[in-house]
Amino acid sequence: MPQACVIGLGRSGIAAARVLHRDGWQVTVFDQADNDQLRHMGQPLVQEGISLKLGDRLDPVKEAWPERIVVSPGVPWDIPLLVAAREKGVEVTGELELAWQYLHAVPWVGITGTNGKTTTTSLVQAIFQKAGLNAPACGNIGYAACELVLQNQNYDWIVAEISSYQIESSPTLAPQIGLWTTFTPDHLSRHKTLENYFNIKASLLSRSAIQVLNGDDPHLHSHGPNLYPQAHWTSTQGANHLAGLCDPKQGVYLQDNWVNAFGELIAPINLFKMPGQHNQQNLLMAIAAARLAGIDKKAITETLLTFTGVPHRLEPICTINGVQFINDSKATNYDAAEVGLSSMKGPTILIAGGEAKEGDDQAWLAQIRQKAVAVLLIGDAAPNFATRLKAVGYENYEIVETMANAVQRGLELASKNNASAVLLSPACASFDQYNSFEERGEDFRACCLGLV
């Protein structure tokens, strides 16, 4: 029986292990962590005949190399173990690549980008489902891709949100339609340079049969046309903004408050409920994918009327004494947080901080000076953020450390300063205090609802 190892016991790792085991592999799952939660998650695998090694790692000195290694998205692609495995001829892939090997006969929409991926993916899936298609979302959202393999349904399309980590470990994944939402510095601690990060993202679009790019993104606008001369482009700034990118009849754009897709009027933009120009950009990309997949205007318009957003992305939680509390926990870098704050209509109390990332904070700081009447700082980044705010002449900040303190103080300051909203938009990863941005957002939700 051939040997396979899965590294990482998350949702992706569990699904990958089951796919391999189903197809006759002798599977061992490794995870360096060992706790009650992981043991509980792994127990069904053990009962199914899959080996589980917690608090341990694959050691080829103690045991022979397996024929195959599948890694979860959180495992760096260049760790010495995986480099050595590839040199030994071991097949090393990510979980998404494993799923692609089973599901490549189904057309995929692959969505990548620094920011905007999840909302765009959710919009694409919503439109496709409104059109009556069996089009599940997977990857960085929804199902682990290998869960779709196990369900073994007759899929019309697969809609995949694909991170740079997943692209890196999926060398043959080739969507029918590839969408690139935005590009700004992120994940540099993993990818080392901006060029590496860009090239990883670009490789997915290069393998896609049809490319769609956001023409409002400066980096894509500058570098995309040479890479993808046949690409379709989108813009919230009118047909003229597509000049030099594509024929407007081959793009999707806003003109006079109407969505125009491939030369056809689709719907007035005021039907769309989500705030912010960035969400309009996400919508245009989703409409481009839908029209390229042959979906009619009716399904698109009906989705515009009913789609209200996704959790942790400018998600309204509640209103207390006229102050709206908004969860933008997904804003894990400066650019996403700057976009979130810019979408606020009135004076805002901002909650920021967490595990800081590399990046240019200038536009974010400028937006704070323009929109935030006070900033409440949490997590490990709080002292550094305080220093940065002070350096640009912004003094109305407080280090409050925890989410509960921030929410309580936010309500007090909002009342005192006539602010219309308290916005959690951290500009940071969450791993100093939480396991994920979702967990951070749920803590914010619980703290807010505790004040109602």
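Keep in mind that glycine also has a Cβ here, set from the backbone N, Cα and C atoms.
Gly116 (ATP binding site) counts 24 other C-beta atoms within 10 Å of its own C-beta, drawing on all protein chains shown. Residues or ranges marked as ATP binding site in Swiss-Prot (evidence: sequence analysis): Gly113, Thr114, Asn115, Gly116, Lys117, Thr118, Thr119.
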Number of other Cβ atoms within 10 Å of the Cβ of Thr119 (ATP binding site) across all protein chains:
28
List the residues in the vicinity of the ATP site, defined as same-chain residues other than Gly113, Thr114, Asn115, Gly116, Lys117, Thr118, Thr119 with C-beta within 8 angstroms of the site's C-beta centre.
Ile111, Thr120, Thr181, Thr182, Asn282, Ala336
Same chain, |i - j| six or more, Cβ under 8 Å of Asn115 (ATP binding site); the result in sequence order is Thr181, Thr182, Thr184, His278, Asn333, Asp335, Ala336, Val339
